[in-house]
Amino acid sequence: MPKNNAIHSIAVIGSGPIKIGQAAEFDYAGTQACLSLKAAGYHVILINSNPATIMTDTATADEVYLEPLTLTSVTKILRAAHPDALLPTLGGQTGLNLAMALDQAGVLNELKIQLLGTSLATINQAEDRAAFKTLMKRLHQPIPASTTVHHVTSALSFAEKIGYPVIVRPAFTLGGSGGGIANNAAELTQTLQRGLTMSPVTECLIEQSIAGFKEIEFEVMRDNQGTKIIVCSMENFDPVGIHTGDSIVYAPVQTLTDTEYQQLRTAALTIVEALDIRGGYNVQLAQDPNSRQYYVIEVNPRVSRSSALASKATGYPIAKIAADIAIGLNLSEIKNPVTQTTYAAFEPALDYVVAKIPRFAFDKFPTADAHLGTQMKATGEVMAIGSTLEEATLKAIASLEIDPKTQASLTPDHHVTTTEYIDQLTHPTDQRLFYLLAALQAGWPLAKLATLTQITPFFLSKLQHIAQLIRNIKQVPTSQHLLSAKKYGVSLATMAHYAQTSVATIAAMTADLPFVYKMVDTCAGEFASVTPYFYSTAFGQTNESHPLGHSILVLGSGPIRIGQGIEFDYTTVHCVKAIQQAGYHAIIVNNNPETVSTDFSTSDKLYFEPLTIERLMPIIALEQPAGVIVQFGGQTAINLAHQLTKLGVTVLGTSVSATDLTEDRQSFADCLRLLKIAQAAGTTVTELSGARQAAHAIGYPLLVRPSFVLGGRAMAIVHNDHELTPVIKSAVAAGHGAPILMDQYLAGTECEVDVLSDGTSCFIPGIMEHIEGAGVHSGDSITVYPPQHLSPAVQDKIVTIATKLAQHLHCVGMMNIQFVVTDDVYVIDVNPRASRTVPYMSKVTHLPLAQLATRLILGQSLATLGLVPGLLTPAPQQIAIKAPVFSFNKLPQSPVVLSPEMKSTGETLGIGPTFTTAWHAAMADSYHLETWQTVDGLITDIATVAQPAVQELFAANHLTVTTIANTTDWPAKTKAVGFTLNDQPDNPVAIAALNHGQPLITAIDTLKTLLAVTPTPATI
């Protein structure tokens, strides 16, 4: 069937800002699909508000609208752009919900826009809980006893009838938002009230709990002729009851019998046929571990998080092929880009095991509820490939970049009591895997662990094998025991920890078992493949990877977490483009399955590996690159630079010694003094007693900052001795013994610059001004370009300071500098690498900053790039505002008040001719607030309204606000803005606003600006 020639232009809806439940996988899918549609000859119109993505680059689509993903905004764009068709299934739940809203508003019909791919009727049937239940009954597919409810009374009645526990699943939500398991009437009432509020159609499914069953996923592809294939089967390590995004997942399925597998496979294909899916589709099923009974859990009629994992696990480009199907092609007509000889109708085959482990942000939110359930809490994930399940699991653990002690020991970092074991194993948190390994090392019977956790004994037996390998080393670290452990993926660090010796000693003792590299080819070696996609294993003798020659190796940034997000994948991809344009082969090492950088077509060769010295050095030894670039991999790559240099590896760009100088707080303070650059009065300490003395000498309030951390980890403002003790303890743990800077807190305007330098001169594309004052992490502050309140003299001084620092450090490539402006211009931080603002500044200046920085790293000068040293003049009549996006609604009891510790998961961009228009556009997708006219007023709490600064602000703006003491005091059916500066976990305003899906403001400067640019709100 030829492609659809009746249409010429296609609008694609992106997924918007990164948040828990909807992350970088949609940048990967959307980029892949847009490029495929362009290659097919269509005019592609992209609508997305996320500046941090490759998807919103001008090269990805013919027209890019960086605009809010609201019905009003998208309707306006569709009227102006006149697309023939709309493809919404690449934008996650956001894209689907917008497509439904556009249809219900009559926009698609009015503008005669054809919907591509899966129909709206199908989307509705899959997403609407009642409609889906009806379909399953018609297909004779078993589903748990359930009912659809719109109020609490009917839910309680149903639960009483079928018995507790029950599962609450809100309709049309993301990542299980608002859902949960209820064990009694009180829990059901609480969970349901939240779920009904968060569902855009005020609907929830109340379902008999099948927690404890095996959870199985199939990624299915179906074309326009009805040809269907299973792209990938996946099995969750954790049983039903834990969101699949928070579960460890293996591919292919590991524990089903052939009969069980075929039964579930048939069910998945039956459902996709009945729904008339056109493209990619994910189905989740539950298998009773004690019988052949299974149940259908749910389906996703779109590209999903699991699609990205399945694509990377198999090498099969799901989003690209889904886009091809959407324009009329069939699987038998689409070539598999991996083999370039077979067609997409062939089901992929795997001769390896893939493990995905989620990455959580509870290190950022120690007060948040870390228990896992049906609502997703992970911010990102890692993937690893191995010859055995043990090897894949241990490689994935090595990729997580968690606490080094836990990563080395594979156990909690403290003595665990029997009571704690039982609690952690029966009420799982993000640490359950490590408690399991500790329990197995301690000799707990496998059967008891299976009973406590409901995890399939097969998986526990694999963990038991790992524990035995470790016990052997602990008892007698012979070469045989070490080699056996290495073969199954036990890291050198873990072996050294238990053998009580150095990593170097272990490396020497295991040198006779080198890693070899195997290809990911989609066909288990059955056909010849050309994919440059490899993984390491200690099993096997044949190396399938051969040196490219004339290459540069680029370190990726690993899993997405707060402080190190998709922005660094953006810079990595652009670095690769510049390397290739310079005539080198580009090699990427990374382990994040969600990203564009780990698409094998991005680089000349991809190694899907942990970002550790143990895994990097054999790759470097094989490839012999001309150098390694670390500037675009965030703190992950920077932290590896020192060790790489010690091992004789050429690290390109700014020297490692200069990097260490800026990362070490004491050395950097000395540098600023030498250059006569203003800095806050302060000193460095390494322990609590010295901190108390320093605090009394400097005076409160103080800013406490550890060295070598990302995202403001363990940074805090301290006002007295009582607050100092826990903050210093946290900073010592986060910095692993490195100096902690304690300096005077400066209350002023914070701003920052990204700098391009060739070592002698520097170019500054723009100065960014923060709305929130110093003391709020730059990643959480609303950022404005060009600055609105900095005088020309201040801007000149910023340029002078940046130039001084770049020259002194001999910075080559990119650098980010943060300032506070009060009576003087003070430097507060320097990062000699790409920062999270690079995509934002690249979009608003129309300069490929990461590519330019890479060219400088490869030896070019600013002059040869045509860049004039100094500050770039901003474009006239354009204001660009970057606003943070938070996922507090997914992390109950987390602190919400903005502070030096970063909390946001993503960002959105608003652009306009004036500050006001740009502000409204940015707020629409970040705080879901366009103007005060759309709300009924302001709600705050007693602790917040008691603060003098708040009282002064309210009086100056003649505000009448509603003050609440309990969450139930929030006015029903009210569109209001919550405002709080109270960081207690039981804060009623934060809880109520998040439960009601209402805007929540947690910094006084944000509210000040909102009041300054919009009319005063009404009174509730």
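Heads up, the Cβ atoms here are built off N, Cα and C, so glycines get one too.
As annotated by Swiss-Prot, region 'Carboxyphosphate synthetic domain' applies to 1-401, with the evidence given as sequence analysis. According to Swiss-Prot, the domain 'ATP-grasp 1' annotation covers 133-327. According to Swiss-Prot, the Mg(2+) 2 binding site annotation covers E298, N300. For 402-542, 402-544, the entry in Swiss-Prot reads region 'Oligomerization domain'. What Swiss-Prot lists as region 'Carbamoyl phosphate synthetic domain' is 543-927, 544-927. Residues annotated as Mg(2+) 4 binding site in Swiss-Prot: N831. Summarising the annotation, Swiss-Prot assigns region 'Allosteric domain' to 928-1020 and lists sequence analysis as the type of evidence.
Taking the Cβ of N300 (Mg(2+) 2 binding site) as reference, residues of its chain lying under 8 Å away and at least six apart in sequence are, in sequence order, A126, Y281, N282, V283, S306.
In this structure the alpha carbons, written CA, of E298 (Mg(2+) 2 binding site) and N831 (Mg(2+) 4 binding site) are 45 Å apart. Comparing Cβ neighbour counts within 10 Å across the binding-site residues E298, N831, the minimum falls on E298.
According to DSSP, the secondary structure content of the region 'Allosteric domain' (928-1020) in residues is 37 helix, 12 strand, 44 coil.
Residue counts of the region 'Oligomerization domain' (402-544) by helix, strand and coil are 76 helix, 11 strand, 56 coil (DSSP-based).
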